[in-house]
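Trainee: Features from TrEMBL:
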{"type": "DOMAIN", "residues": "4-26", "note": "domain 'Zinc-ribbon'"}
{"type": "TRANSMEM", "residues": "56-77", "note": "transmembrane segment"}
{"type": "TRANSMEM", "residues": "83-104", "note": "transmembrane segment"}
Amino acid sequence: MLTKCPECGHDVSTTAEKCPNCGAPISSTAQGFIPEASKNVQVIEKTSKHYKAQKFYSIVLFIVGLILVGTGASNNATGVKTFGEICIVTSIIWGIVVSIGSWWHHG
């Protein structure tokens, strides 16, 4: 690919460090040359927002379960403690299922 020398206007290769005609330094980025590979950069999320939201909800459920277990244990409320334990187990299973689903669909 060719560009113009900023000093003499002579055609110069974009890979050249200096102009072969006048010796002026050639800066390909200063000339406005952007390599083709960097023009169309696109960020790709490997994990969809659906799986991220599901993971977040499972973490919230786990924290709620810990709080319920702690409150149930300190107040001797067996029902609250049991419900907290169920929340913890459910959140762990939910998190595992979401992780497997995320891996399965997004590698």
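Including glycine, each Cβ sits where the backbone N, Cα and C put it.
Can you tell me where each of these features sits in the structure?
Mentor: The DSSP breakdown of the domain 'Zinc-ribbon' (4-26), given as helix, strand and coil counts, is 0 helix, 6 strand, 17 coil.
Packing against the transmembrane segment (56-77) from elsewhere in the chain are residues 83-92, 94-95, 98: each is 6 or more residues past its ends and has a CB under 8 Å from a CB in it.
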